[in-house]
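Summarising the annotation, Swiss-Prot assigns substrate binding site to Ser75, Pro76, Glu77, Tyr117, Glu250 and lists sequence analysis as the type of evidence. Residues annotated as ATP binding site in Swiss-Prot: Arg99, Asn100, Lys101, Asn108, Glu243, Leu244, Gly299.
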Amino acid sequence: MKKKIWKSSASIEDLIKRSNIISNIRLFFSKKNILEVETPILSRSTVTDVHLTSFETNYISSDNIDELKLWLTTSPEYHMKRLLASESGSIYQICHSFRNKEIGRYHNPEFTMLEWYQPFCSMKKFIKEIDIFLQIILKCNKSDKVSYQDLFIDFLKIDPLCTNLLELHQISKKLKLDHLTHSENNLNKLIQLLFTLKIEPNIGKEKPLFVYHFPAEQASLAAINLKDPRISERFEIFFKGIELGNGFYELIDVNEQKKRFIRDNKERRSMNLPTRKIDNFFLSALSYGLPPCSGVAIGLDRLIMLILNKKSIHEVIAFPVDRC
């Protein structure tokens, strides 16, 4: 019988449950007096991150003369940080974000994200706050915490902070991954590949796991650790072998942030990817003064998928890309 692809891929019963979960999330933040905000999903700039591909469109003036290139946001991060610089205090947002070239069991080009920022909050304290959130919403046990370095030592018997190409190629061959790694000579890319294929699917099985202090090369928009410049103040959350969230003790140094954007575009050129215009509104906010803060982005579709014991986020979204 032909599939009724006009229908929702999620059952109405599950969509009601989804709505209730999101209501409970809003209640959690309301009780903590954290402000819910709304920011644009269209932006004049986009991210420079080489791992993200943005959707673009054009605004056309009514006389059809002027065009303005706009981007669908991959996350609300830059706009929310501009609010933080405007002294918003603690804020959160539940919104749709958009990432091209992403489809699969845990991916849809349009997805729902929870983004949350706490000014004057250390990474360690913020992880405790998120842990409480997960216990309430997921109804799970208290999470575990482990450093990125210790995770590699436990699983692969190598130290990612002082390894070398020879050692990484040897372990890749031992793990029968050499068909993927034999031509790769970028240390950081090899480390990320090993993490994704051999560690990530096997962690957080019984309860959520926070992996913190990612290598400095993977800092993204996180600050570098003051005591050890080899590591960043970045963490990720895993549960049942799935990445649920990505967080930082945020970088607030405008000059360092600009250097990272430039470095991203340099890497884009080397990979034959289009360079991206740097978001000067965001840099101006950093220059004005972003308060010391921690933030996290959590994939709500994945979170709801786990709560409802589904195997794909497409089972908790009404109309994923194949039905939209």
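Quick reminder: no glycine exception, Cβ is built from N, Cα and C everywhere.
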Next on the checklist: I need the neighbours of the substrate site defined by Ser75, Pro76, Glu77, Tyr117, Glu250. Which other residues of that chain put their C-beta within 8 angstroms of the C-beta centroid, in sequence order?
Outcome noted: Tyr78, His79, Met80, Lys81, Glu115, Gly295, Ala297
Item to check | Cα proximity to Asn108 (ATP binding site), best match among binding-site residues Ser75, Tyr117, Glu250 | outcome: Ser75
Checklist entry - Using C-alpha atoms, which one of the binding-site residues Ser75, Pro76, Glu77, Glu250 comes nearest to Lys101 (ATP binding site)? => result Ser75
Checklist outcome for this item: Smallest number of other CB atoms within 10 Å: among the binding-site residues Glu77, Glu243, Glu250, that is Glu243
Item to check | 10 Å Cα neighbourhood of Arg99 (ATP binding site): matching binding-site residues from Ser75, Pro76, Glu77, Tyr117, Glu250 | outcome: Ser75
Checklist outcome for this item: Minimal Cβ count within 10 Å, across the binding-site residues Ser75, Asn100, Asn108, points to Asn100
Item to check | Neighbour count (Cβ, 10 Å) for Pro76 (substrate binding site) | outcome: 25
Item to check | Largest inter-residue Cα distance among Ser75, Pro76, Glu77, Tyr117, Glu250 [record-listed substrate binders, Å] | outcome: 15
Checklist outcome for this item: For Glu77 (substrate binding site), the closest of the binding-site residues by C-alpha position, picking from Glu243, Leu244, Gly299, is Gly299
Checklist entry - Which three-state DSSP class does Ser75 (substrate binding site) fall into? => result coil
